[in-house]
Each structure stands twice: as C-alpha cells, then as structure tokens.
Amino acid sequence: MAEPVGKRGRWSGGSGAGRGGRGGWGGRGRRPRAQRSPSRGTLDVVSVDLVTDSDEEILEVATARGAADEVEVEPPEPPGPVASRDNSNSDSEGEDRRPAGPPREPVRRRRRLVLDPGEAPLVPVYSGKVKSSLRLIPDDLSLLKLYPPGDEEEAELADSSGLYHEGSPSPGSPWKTKLRTKDKEEKKKTEFLDLDNSPLSPPSPRTKSRTHTRALKKLSEVNKRLQDLRSCLSPKPPQGQEQQGQEDEVVLVEGPTLPETPRLFPLKIRCRADLVRLPLRMSEPLQSVVDHMATHLGVSPSRILLLFGETELSPTATPRTLKLGVADIIDCVVLTSSPEATETSQQLQLRVQGKEKHQTLEVSLSRDSPLKTLMSHYEEAMGLSGRKLSFFFDGTKLSGRELPADLGMESGDLIEVWG
C-alpha cells in the first residue's frame, strides 16, 4: 500500500522528510536533527507548559530549527508495532506530526522574572506636590534623634502651668508620642530580658534617681513660673513696707480693745397724764428713777411708788432682772402724807452726792442735829473712812457743827462731797 503524501502548508517542515522516515527508526520517533540540511531553516511547534503563580497556561512557542538549535532531542521511544496506514484517512495533520503512543506529560516550568537592580525601572510613588511637602527621614537615622525628649518635657510643663492659650497648637503631635512610646516599650523589653537573664541582680537605682530628679526639676520650674505669674498679677508694695517686711515681721494677734459704750435702755414712766422717757442702763437700779421722779414732781422720794402692772417694784431692782422691754411702761404713784408723817415732819431727807454718780446717799436728819452726824454716816456707808472729804451746801463748805435749821435746809436738799 502506498503511503499518503502529507499536506504541505505553513508548518510543513514539522512533518519531517515524509512518512518513510519513520520506518528508519523502527518506531514513531522523529528523524534525528543531524540528518537535516543545515542550510534549510524550518519551524516546529513545541508544546511548552509555563506555570505561573496564579494559574497554568500552555503556550505554543515557535522555535527555529537550524544548525544552531540548542534543544536536545528527546530519547526515542521503544520500537512498537507500526500503526496501520489505512486508518489515517480523515485524521488531522496533528496526528501526522505527533506519535500515536501514550500522551507525553507537558514540561511544567515556573515563570521567574529575574532582573538586575540596574535594569529595574524607577517609578515615582508620590507626586511632585507630595514630595515637596514631605520630608523623608533616612533609614539609618533614628526618629528620636530628630525630636529629643526635652521638647516633650517642655510641652508637658507648658500644659501643667497653663501658659499656652486654648487656640495655640499643641507642641507635640500624636505620631511623635507613638514613636516615643514604641521606643520606650522596646527599651522595657530589653530591660526585662536582661532581668530574666540575671534574676538575682537588683534593679539599678540610677533610673529611680533620674526620674526623681526629673520630677523635682519639673516641680521647681512650675513653682518658679507660678511665682513669676503671681508677681505680675499682684500690685507692687511700697518701698517702705518692703524694707520693713524684710527687717522684721509684725504679727497682729488681736485688735485694740475699744471701751465698751454702755447700752442705754429708754424706760417709759407714766405719771398721772404725763409720759416721761428716761434713758437707763440695763444694770442700773430703779432708785435713780425714784429720785428723778421725786425731783420732777417736787416731792420726797419716800412718797414715790413704782408699779409694773399691779406689782410693786423695789428700788433695788434693775430692768434686766425685771426683763423689761422697749414697749413696757412703768406707772409712778405719789403717796399722800399720813398722820405719822406729820409727826415725823421734823425729820429732813437730805441727799449726799459724791464725785461719782453712783456715790449717792439719802440720809434722814432732824433739824436740831448737827451735820457732823450726816458726814460720819456717809463715810461709813461709802467705805471712805479715814479719807479727807469736804462737804458743800449751796457753794458753802460745811465744818460739821452747823445745824440744818440754821442753814434753812429742807427735805430733798443736796449736799456735795469732794475728796
């Protein structure tokens, strides 16, 4: 049976020199490339499986067959029974080019793009505006060197002293704080590792002393700023007061004791149709009221009777003991003369007034008795025995030998005493 002539097309070179070439190898292998003509360059279709990281693709790569081809020839398959030529009536050209044996597994290779650093293209990440406003920091330079911890401490001091205004920007930004905290955490980790390696070694006191001194320094600076602020706000004292304050300090324990002015109580006295107001101290006895009303009415004080409601008041009582108020009114009654009073009409009621207001004494004396009796009685009553006293009546000094009848004395007359 004659072999069918293969179709010549665009890839006709891939079919070899014809069907008869296959019998020379005793199988379906291709003719060795050494037998091909070096002057004739042909194209063959080789199935190469390029596997990428994402998915698998099978690409057909056209390779030039020639004398300089570096692709090695696949080892020939073992000889086998030649397929019948009659069955290739309607097969495609692929069957002529490919053996009819079991399908070969495609060569799987991974696509790897290896470029030199000089061949890699440089693509700008940021635009021109971003680059102009962005200051990049070199990789070999630490961020904390650009921003020392002193700036953060000054910012904390400014916040604590309140010197920054509300509208002014804060001296520290959040990313600086994050970087510093990150650096501190790394330092703490290294310290913890050192402590784990040497558990018996106590912590160095240098860190404690540094923090203590730093805190003291901050406190002193804050106090200094507060003092400066206080000096600016407080008025400047006069120079004389400042020198006096530097020399000595005067502490006023208590203020000067002012003399207490007696509180006068306006006592209302009703006599017949008249209402008399007499200023009186709360601790003063009512005897002064009796004397004032006897003088006002022209009668003997023994005839004056004071009543509060229906209660007779004693001359020794005081407004405080009686609990009298401003609205209370005392009644004054003048007693009539009795027959006993006519019998004792020879007795004179003389008033003796000393230098002080409270040194007042009323003495009963007959008209025929010398005034020496009155003088001795007054000295004993006032406790002035042994003192030199002078008694005057109407401007005349009394010697004590005078009689009241000789001087024309009457009841209620006043004798003055001077020491």
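Cβ atoms here come from the backbone N, Cα and C positions, even for glycine.
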Of the residues T177, T213, T316, give the one that Swiss-Prot describes as phosphothreonine.
T316
Can you check which of S37, S173, S314 Swiss-Prot annotates as phosphoserine?
S314
Choose the correct range: of 94-116, 209-231, 232-254, 347-369, which one does Swiss-Prot annotate as coiled coil? Give that range.
209-231
Can you check which of S47, S127, S142, S302 Swiss-Prot annotates as phosphoserine?
S127
Where does Swiss-Prot put SUMO2 cross-link, among K131, K323, K388, K397?
K131
What whole-number Å value do you get for the CA-CA distance of S390 (phosphoserine) and S220 (phosphoserine)?
80
In whole Å, how far is S369 (phosphoserine) from S314 (phosphoserine) when you measure between their Cα atoms?
30
What does DSSP say about S369 (phosphoserine): helix, strand or coil?
coil
Show which residues of the chain containing S369 (phosphoserine), separated from it by at least 6 in sequence, have their CB under 8 Å from its CB.
L403, P404
Conformational class of S220 (phosphoserine) under the three-state DSSP mapping:
helix
